[in-house]
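Working notes for the structure below.
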Amino acid sequence: MSKFNRIHLVVLDSVGIGAAPDADKFFNAGVADTDSDTLGHISETAGLSVPNMAKIGLGNISRPIPLKTVPTEDNPTGYVTKLEEVSLGKDTMTGHWEIMGLNITEPFDTFWNGFPEEILTKIEEFSGRKIIREANKPYSGTAVIDDFGPRQMETGELIVYTSADPVLQIAAHEDIIPVEELYKICEYARSITLERPALLGRIIARPYVGEPGNFTRTANRHDYAVSPFQDTVLNKLADAGVPTYAVGKINDIFNGSGITNDMGHNKSNSHGIDTLIKTLQLPEFTKGFSFTNLVDFDANFGHRRDPEGYRDCLHEFDNRLPEIIANMKEDDLLLITADHGNDPTYAGTDHTREYIPLLAYSASFTGNGLIPQGHFADISATVAENFGVDTAMIGESFLGHLK
């Protein structure tokens, strides 16, 4: 019998809690990630008031310097720790795949200076369309169409760009390049980025509409991902008949592998929380696992190095945390964590190699305190033990520490 009938894992994308032991091997604009500290620096420079996460024990997590504006709790309502990454990457897919039990020893490729000419030329030859070279770099998806959409409308060229993650994105105005044509181009791009030197996690079709100054991306986005290289705990749950629910970009990250119910993309963190709450309320969801990603912290504020915006985004989540808890059942378990860091006060614009926080809460808890410090995959090992399935490659369960 399961200790918890339902477990809900919420990933606050990029909310790291201090430099990892191997941060000296990861860099931002030539600066090692050794002094990165997403939560610590936001608390220090912008102020951080997250009373609901503090109540669970966020401020009790072991750190060299306590979080400046997040108090410790003498009697927290949950259990907390921080977790270390073992995989050789600090991107979204690597973090999520490791959380679900995989050790990624061959990291995906990222392209901070844009994609090499060889790839661009192949896409041009296949599509019969030129590529706007100036867009070929890490770019905000809305900014890139604002900057190059007018030119695309005039010339029919492709907008090819990337991000901090191992992705190749192609934006196209639906009136200029039909969606089906864009999909064919993306399928081709997927076929040429499955091995080094361009091993990419996802190719993303990004259609948009509108006029210069008023472009909007449409719901016709399509992701061409790769599945995890071996079964994760998601697969083991699904194979055992345990329902799995994906909220936000989780389904894309795992290419649908091990997901039995995709609840759709999030338009924003707030929309994602709404979707999670609707998922919690589903009458058929009496047992199983929900997995939510809230990406605004990372996409809107971490990469843009905006500590005040990041702080406000954390406040928004914390304000809504009681709503999530109110829709849980007594024998539910809530796990709140991250997938990497993205210190908005740091050099560069890339993710940062950090520990991730872990907060565990259940109305059924009679105890509280610290979980032994471990690794990302301990989360999936705990989920696996609870539902009576095998772990994946790595991970040690902390289920026995939750009283």
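Backbone N, Cα and C atoms are what each Cβ position is placed from, and that goes for glycine too.
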Which of D13, D22 does Swiss-Prot put in the same Mn(2+) 1 site as D339, H340?
D13
Taking Swiss-Prot at its word that D298, H303 bind Mn(2+) 2, choose the one of H265, H271, H351 listed for that site.
H351
Around the Cβ of D13 (Mn(2+) 1 binding site), the count of other Cβ atoms that are within 10 Å:
23
Counting only other Cβ atoms and using a 10 Å cut-off, which of the binding-site residues H303, H340, H351 scores lowest?
H303
Sort H340 (Mn(2+) 1 binding site) into helix, strand or coil using the DSSP assignment.
coil
Just the number: how many Å between the Cα atoms of H351 (Mn(2+) 2 binding site) and D339 (Mn(2+) 1 binding site)?
10
